[in-house]
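*Asks:* Structure below; questions to follow.
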């Protein structure tokens, strides 16, 4: 990298300054929006990056609502966790292998382009061909329902396989679910962060978080409104019209992915090349030394305590959020049945409310000193936010589910029907589950993701992308898959289809996870602070 030379005819010296001078001004801002630490000449790139992130998030959120609506209507809440436990891990491993191979041949930006093209093709193919022909390319709607109907399989203790059969019976909706999950892992969690980090310094990345969160909140809010409007519209039209509206929305989202690619290419050509401050010269000898490290990156990954700890941090969040979500979603299905509502309508309604809570919470937090917490030594507090919410879930999700299954259904597998003949409180269960599930996602956006990106920016950039492919691209989904495997195993052991009946076991697992999580974050906090104080890249801490 060479030093940028100022033109003699440059009329606005404000555009060309060192990063230290730029930060001195943005951290001296006052007024209502003082916590948005962006300089005037940074706004074009920040706004375009935020727009890119916002559209990516909107596709992810709307597609997530659609896939869940279809799955709740045509399958079972536990079906989605079977997909996560059986199909998601090999798909994640395949994509990580492809990314690692691709990064040895192409730049991260080019791999981002290829991924967007593939997803756009999948969504358009699904809307034009797969979904309209589902009646011809998959088994009859009643195939699994006839096999397991009237308790035929309960005497054989294999009734728990009912959600599994539905996954294969309704494989088109399973395919949509899998595509949506991989979009979240690859595009939202991995490629956008890699792209944004490639065009930003470490300190810029930390300052831009607040603007990204505004974009994220607006996108989630708009997605929630669209979901609720779509839900209301579906309730008043015929089945064929519902199907047509669903297909059109899928095709619009597939076309939007093409628009994301076009926006990214425009940014790379017109917006990002413009410098925002004087670039310092980097010594050639340092670059050569770091290239040697890049050749050893793969071997170092398996020997590094730091990278294992980051991976475990991501895994534990995935397991915890999955156990909470599984119990909450089963409660939604039970609540819909108890109140005589359609599961699709009920699920869409609660999804919309959840996203409105998330969006409003993010917008409120934006105008606080939150974005400066990492810079002021608050990494451990941000990283610990999901742990606090996990502790709250012990009471708000698992305890109330423990009560309701005892009052309304077969009781808890360990303690039986302790509350038999009592009135179930599904409104309370669904409401507390909604708040907790939304809080877990808020904790991810404001805590887990921010702290993870902060520690990622302390890793040497020449092999940061390959490491992030492991703990972002792989462990993010493997954590959810591991949580789903746990759910599937528990339903199999006790031959049940309602995961709420093992809420006592899930609660015990959450307590164990919280204890492990605490010590991992304590170690990561110590390593991060040492690197920040020394103003160096973080030590990989090999065994």
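Glycine is no exception: its Cβ is also placed from the backbone N, Cα and C atoms.
Sharing the feature lines straight out of Swiss-Prot:
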type     : residues : note
TRANSMEM : 46-66    : transmembrane segment
TRANSMEM : 86-106   : transmembrane segment
TRANSMEM : 111-131  : transmembrane segment
TRANSMEM : 175-195  : transmembrane segment
TRANSMEM : 209-229  : transmembrane segment
TRANSMEM : 243-263  : transmembrane segment
TRANSMEM : 306-326  : transmembrane segment
TRANSMEM : 346-366  : transmembrane segment
TRANSMEM : 382-402  : transmembrane segment
TRANSMEM : 504-524  : transmembrane segment
*Asks:* Under 8 Å, at least three CB pairs between the transmembrane segment (346-366) and the transmembrane segment (504-524) (pairs 6 or more apart)?
*Replies:* no
*Asks:* When you check the transmembrane segment (306-326) against the transmembrane segment (46-66), do you get at least 3 Cβ pairs under 8 Å, counting only pairs 6 or more apart in sequence?
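*Replies:* With fewer than 3 qualifying Cβ pairs, these stretches do not touch.
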*Asks:* Short question: which residues 6 or more past the ends of the transmembrane segment (111-131) have a Cβ under 8 Å from it?
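*Replies:* Same-chain contacts beyond the flanks: 63, 99, 102-103, 137, 172, 175-176, 179, 182-183, 186-187, 191, 194-195, 243, 246-248, 250-251, 253-255, 257-258, 260-261, 264-265.
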*Asks:* Apart from its near flanks, which chain residues at least 6 from the ends of the transmembrane segment (86-106) lie with a Cβ under 8 angstroms of it?
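*Replies:* Here the qualifying positions are 114, 174, 178, 181-182, 185-186, 190, 465-466, 469-470, 473-474, 477-478, 480-481, 484, 488.
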*Asks:* Taking the transmembrane segment (243-263) as the reference, which of 46-66, 175-195, 209-229, 382-402 gives the largest number of Cβ pairs under 8 angstroms?
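*Replies:* Looking at each of 46-66, 175-195, 209-229, 382-402 in turn, the most contacts to the transmembrane segment (243-263) are made by 46-66.
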*Asks:* For the transmembrane segment (175-195), which stretch among 46-66, 209-229, 504-524 has the most Cβ pairs under 8 A?
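*Replies:* It is 46-66 that shares the most Cβ pairs under 8 Å with the transmembrane segment (175-195).
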*Asks:* Could you tell me what the rest of the chain brings near the transmembrane segment (46-66), counting residues at least six beyond its ends with Cβ under 8 Å?
*Replies:* 38, 123, 176, 179-180, 183-184, 187-188, 192, 196, 199, 208, 211-212, 214-216, 218-220, 222-224, 226-227, 246, 249-250, 253, 256-257, 259-260, 263-264, 267, 271, 348, 351-352, 355
